[in-house]
């Protein structure tokens, strides 16, 4: 167990004081900056010491071979993995010949501050060299939300005790040494110096480097320019070679004077554009950034975030650390998705190389609900990215002998990258999840253009997959056999309840969109017979239920499997997948992550309240939460069935997953979906918000530990604020048309005036138990 | 589709006339010689041209890494693969400077003869060099059944037109160039020059080389010595270096004179013995071979085979090609198993590198029944080999969180080598199959010593696995969930009928052996409570049945899966696994190989006659026979339910699988289990022989195409001959005590006098259908 970084608690920022080399890799992920297009790990300005140097461009990947001990038809042969591109954030300092390095000399003061309102990362260090020369280094960096190709850094150094000779080197550095992910020598080979130099140039205080990736052939250009206050040109030199461009400033600085430098970095990449075209692109981005200037870049970053928080903030009373964690989570979700545009939102955002930089179903089920209700244009962009992979998904379906579209389980470019088919190819629920997010987005925003251009086709092609994957048995029931649901401790089962209910929803939404958009339906070749088939399959979808136990089955026969022997499973044997074979996990009643429980949230309409209570109780006792995707779904259902304190515990767990490093792997990147789950527990859990098509309902309730919860959502162009206390809830519209809502089953219309409604008495559901060692996280 | 080798039909030999380079790789497998310890592919004496050079020692393997795109707990990391060891069979000839090579000059006559009675491979070639010098080359080689470390070759060359200068080179050659199996570069690297030279020496006409394998560290010694008639010592030179030892004879030979050379080769290998010890071992084997001499080696080979055929031969009337194929099959099964002793009988015997030289469940279910009834000491040896891996099997069970012994799905040294766990680790029926063969062997032979020393422990430790893998559900039924049965187009299912019935048998036999052998049971820690648990589990074993269809289910819910769309599956899409993903194969009613059908043979007592008829009809229509292990099981059941002509077709298919190259891969080795299946269809199919414990029953019946079938089996020390014609069957005892038998349900006692009994009228079962393109093979 490694040490954990400690942060000062504050409502709008994350502050790390002191310096501990052991937690530096974690800090780099937690303090990552991103606009969804460019991602910078929170590496120190001076480049070293470093856990993992990280500069990422969304969608820029390298190919590597996927090896198999025994191959099979349809196994993906090419993997994709995110590449650490040219590092433009490094600024090295030499104090009287000594390199400024936090490992040597003495760190007198140090703090890192991630500011959720300014969208910048600030650093403030007082450091003395081994010969006792002390300097103060302050820097502030941002990845611009408003100019997506641009990074800007303000860097200041000040001699504290005496006049000093200082040298500052500002670099673009390609092909940094990176520890290989995992033990596969082929993957390590693919990622060893992945960038091939094409072009380098420098002049005055600027430089540009162009590279392409060795196997995937993607071209990337990076450029930098600098502004220096009160420094004559003749102290600056600039140089560029294949993998390095460097501007050097050598100055004598008097004690108390400050050398201030502003560095602008721009990135561009493309699979098609030429080296001159990409160079022109980054030059233009730099010119625009300089024209805007540091102060305006900072001001616009703040404006962008002010606008975001004004309709996205969640306020709580009663837990200041949780308040901080909630805002951290929302900020990181925003960073992951804000300007991704035609690129995926990956499981780690752009904060690390975990999962190879791949996007999973995390995006649609966990992240997009947040964006749909707080930054709908980002949700639309993410869905347009999925749509851009539709041809690949259709090709994949055909390759696997199916019709319609079968989206990749994990991918960067849309092609399947899963090297373990029972938990990849065999998990088609990702396709229904995409359809679900599509339908929810359109209903929530009323974005008709999106539905016409993208949504209808997504719903139709995904519906076609289910008709191909499923079949009517001799009694007319519609079965989907041999698939894997969300729970990765169960695989290749018949009629996974989550999959079947999500497929049912997909089919129903496809019928509806074809009725709403007959022109598009015709263009897509949909016939009345086809929609009748969809309706029929949806109507007769198998929903496994065990009448003896009175609970639904996660999949057919699941409740007849042996129970996992939790009593004999020591705490050190979690996560189970590192200590037991899939063979054993699959054949027993042990659940890695919310599956049926998550279905009860997403498809709550398919269950009665009593069924939810019984099912929740049954599956809580089986769920070990070895996946970070679990706690939030459990939290929502816990709140719904009345386990408010348990829901609170799950909220804490999902909100603190990275700040408290609960999965011991934050160094490889943040758990963006779990962070998005923070919103889910607040809004859908304690707010009880459910969206069924264009119908919006609430059923707020708070645990004793929270005195107040206030959240805002965007809904069909309006911003709705919900303010919940122990006894009542107040709904208020921040502009827009009056809307019909439901409060604990009671319909009402909300106009310009806020409406306050009382909360019912909380339910008293039966106690639930958790597997040994699997109770929710509680802070010390 | 490649050309197919044509053979002359004869009852006791296989003769290939002419020469066709295209089929040479197939010929090399078909004409392989082996005694179960040493295997030689039927490579030409002169070494080239060659398909795959092959000299194998049973159990001698090299390690190689098993790679995974996504690893998992319990995945085997080390593979094993059979190694081509030092080639001692090469004898090159130079005719007036020209190398004798079948690709150059002119092949005037050529034939290869595999003689099933002499156990030798004869070659007779008349060849003319490019300059028109013609010679006759005759050779005969044997791998001795009586001296298991010894290979002997008689080699003759005769100038036909004129006096000739000839040079003969007789080699030991290590690290021959071999085409890598498959595309895995790591496997190719492991097999590239796998032998590291340790020692080389030569004197007079003999030489010895010692090597060890690079990674597995197994040491192998090979030695050769030569006898030459009428050749002075001074024309012979001998030389040895690291990877080559060579004896050279340079002579002037008059037209009509014959140069005759006898080459003796001996092999020894060990994981522990030193180089001097292994050298001594092969020197001793050579000395013994020379002392015996060529003529006596040949004579003893003949005696050995005469004894085998006297109680193993199967005679048929009505199909001369099939008669030849039956004897070829029996001969190859004998070659695979005769002298394996403490080593496995692998799927390809020692005829090629297919499946890496691994042993599977093929051994126990297909091969051991033949050996148990024709060469029981070989069956016992094969089971002792399994017993020798028991500690590894127990360790594997513990690694996978289970008790008892879990035998490897595929292995050479006993450790699991399967790189695809859903069809390897997840197929524990191999463990029940081993128990089945153990119980059958003991009951058939009455070998009490074997039971005491090995059998009891095998049955107890395997029974313990089932108690660990299975569980009683809330109704008391004993379930075995999440396993894979024989059908490799279905995986990770609940209550595979084959597995459950074989596990039931395993538990029952374990109870019985503990009752018979209380001392051993105590030694193994078996308590009365434990055996009661076994009995209870066996009694309540789930046997899936669909009452609506009136058929058993291959696994629970199998009959509710979608049917494979055979109508839309073109003939070119077989075998299906090369054209469809497992994902699709697993989730539909398509059967690769007899599974439930095979269970109806091995556990026929668990079904009524009517159930067998209905089940057979149902599963015939789903079974595509993409596995070579299928036709024989289908043939046995076809005969039992009265489809005698269909059974005949399956007999033809399994018997000709390699001679007609039906699976297009005979070049990588023979299908030993399918060849053993030839015996199964004759004896268990048309002979209707079933063994239930120590009870032996027959129900003979012949198809119209066969006028007579005569087979012999060993049974508790006696040899029983059964002679079946269209109307009656005659049972005769060749010595031994009178025995109780059953003929078509009618018990009788067979003493010294033969008993002739009439056959009942054949049944008329309902027609069966086969999937498109999957009717049994029929000769043109």
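Glycine too: its Cβ is placed from the backbone N, Cα and C atoms.
If you look up TrEMBL, you'll see B:18-270 marked as domain 'Glycoside hydrolase family 65 N-terminal'.
What TrEMBL lists as domain 'Glycoside hydrolase family 65 central catalytic' is B:327-680.
Close to residue B:362 (substrate binding site) in the fold, though at least 6 residues off in sequence, lie B:347, B:629, B:672, B:673, each with a CB less than 8 Å from its CB. The substrate binding site feature in TrEMBL is assigned to B:361, B:362, B:592, B:593.
What TrEMBL records for B:488 is active site, proton donor. Counting Cβ atoms from all protein chains shown, residue B:488 (active site, proton donor) has 22 others lying within 10 Å of its own Cβ.
Sorting each residue of the domain 'Glycoside hydrolase family 65 C-terminal' (B:689-750) by its DSSP state yields 0 helix, 40 strand, 22 coil. Feature annotation from TrEMBL assigns domain 'Glycoside hydrolase family 65 C-terminal' to B:689-750.
For B:759-780, the entry in TrEMBL reads region 'Disordered'.
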Substrate site, defined by B:361, B:362, B:592, B:593: further same-chain residues with Cβ within 8 Å of the Cβ centre: B:360, B:486, B:488, B:627, B:629, B:630, B:673
Secondary structure content of the region 'Disordered' (B:759-780), with strand meaning DSSP E or B: 0 helix, 0 strand, 22 coil
Long-range neighbours of the region 'Disordered' (B:759-780), counting only residues six or more past its ends (CB under 8 A): 321, 564, 566-567, 569, 571, 574, 590, 613, 616-617, 620-625, 631, 641-644, 646, 649-650, 652-653, 656, 660, 662, 700-701, 724, 726-729, 744
Can you tell me how spread out the substrate site is, meaning the largest CA to CA distance among B:361, B:362, B:592, B:593, in Å? 16
Same-chain residues at least 6 apart in sequence whose Cβ lies under 8 Å from residue B:361 (substrate binding site): B:409, B:427, B:429, B:430, B:433, B:434, B:486
Inside 10 Å of the Cβ of residue B:592 (substrate binding site), count up the other Cβ atoms and send me the figure. 22
Same-chain residues six or more away whose CB lies under 8 A from the CB of residue B:593 (substrate binding site)? B:486, B:487, B:488, B:623, B:625, B:626, B:627, B:629, B:630, B:633
DSSP says residue B:362 (substrate binding site), in three-state terms, is helix
